[in-house]
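Below is one structure, written out as structure tokens; the observations come after it.
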Amino acid sequence: MGQEAHHHHALPTSAAAADAAAAPAASSRLFTAGLVAAWYASNIGVLLLNKYLLSVYGFRYPVFLTACHMSACALLSSLAHVYAASAPARRRSRGQLARVAVLGAVFCASVVSGNVSLRYLPVSFNQAVGATTPFFTAVLAYAVAARREACATYAALIPVVAGVVIATGGEPSFHLFGFIMCVGATAGRALKTVLQGILLSSEEEKMNSMDLLRYMSPVAVILLVPATLIMEREAFGVVATLAREDPNFIWILLCNSSMAYFVNLTNFLVTKHTSPLTLQVLGNAKGAVAVVVSILIFRNPVTFMGMLGYGITVAGVVLYGEAKKRSK
């Protein structure tokens, strides 16, 4: 992360320095607020657009959609890298690239599963399951890296899981395959986090998440294009047809794909300018906002049980964050 710090030139006079110090406080707060807003907009925007395309619009090709997202990420992150080329590109070792490829594969699988699940499940339920990421992260960190947490931290995960169990019971549009895919996506996201912590932990291999995205997305594209050809052969034809019938379709697709990149970009920037914990807290709130917005837009039936379960999960995640902070 520390590559950016070395480029600031010292200001010549102390008066200029004093002026400069007074200004950033307000502007940086504004900047952070803007970042957070952009993060919310892109995260929720991608979620809702994906849902719209996959369910409402009837474009039922989640693998193809993910391939578009990853292509946009690959393209935009390379462009951003060229444009920002301040830090000289470090040579990456073969081993490191192999590890990044593994991460790319996990990343890819989890995004595909998530998009497949959106085809069958309402956003509200998808988010409830997605909120259990800390549970999977804790379990996988223990399984993969034998990293233990304090007891209180594990105790806080009970409501996280219990909430989803309640929500599952109360979900009117429950779909088993969609649910399995959603759990798979959540576990995949957690696995990526854990692996990232292990694979890129040594000092010389530390990569910030944008570098990581720049290496991971081409891997994902390489995996997804054959996957699309095998699993969703007709997708290309359908895209061509839809593009002819509805000129907006291509714009929706492009907008959706570039937004997928901005989700990653704003994620990175918010983490960099605040802290990972802030991102977690914002994430909990984001889920809730996404649920409310999606219910308003898609009008999927919700039940008291479903919402109660979701509430319990979010409360659990908040508790978990607190417990983790205390145990440090």
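Placement of Cβ uses the backbone N, Cα and C atoms for every residue, glycine included.
Feature annotations, courtesy of TrEMBL:
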TRANSMEM  30-49  transmembrane segment
DOMAIN    33-320  domain 'Sugar phosphate transporter'
TRANSMEM  61-85  transmembrane segment
TRANSMEM  97-118  transmembrane segment
TRANSMEM  124-144  transmembrane segment
TRANSMEM  151-168  transmembrane segment
TRANSMEM  174-191  transmembrane segment
TRANSMEM  212-229  transmembrane segment
TRANSMEM  249-270  transmembrane segment
TRANSMEM  277-298  transmembrane segment
TRANSMEM  304-321  transmembrane segment
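Same-chain neighbours of the transmembrane segment (151-168): 125, 128-129, 131-132, 134-135, 138, 174, 179, 305-317, 319-320, 322-324, 326-327, counting only residues six or more beyond its ends whose CB sits under 8 Å from a CB of the stretch. Along the domain 'Sugar phosphate transporter' (33-320), the predicted structure has mean pLDDT 88. Spatially, the transmembrane segment (249-270) is not adjacent to the transmembrane segment (124-144); fewer than three Cβ-Cβ distances between them are under 8 Å for residues at least 6 apart in sequence. Comparison of 30-49, 61-85, 174-191, 277-298, 304-321 by number of C-beta pairs under 8 angstroms to the transmembrane segment (212-229) places 61-85 first. Taking every recorded stretch in 30-49, 61-85, 124-144, 174-191, 304-321 and counting its Cβ pairs under 8 Å to the transmembrane segment (277-298), the highest total belongs to 30-49. Within its own chain, the transmembrane segment (304-321) is flanked in space by residues 124-125, 127-128, 131-132, 134, 153, 156-172, 277, 280-281, 284, 287-288, 291, which lie at least six positions past its ends and keep a Cβ under 8 Å from the stretch.
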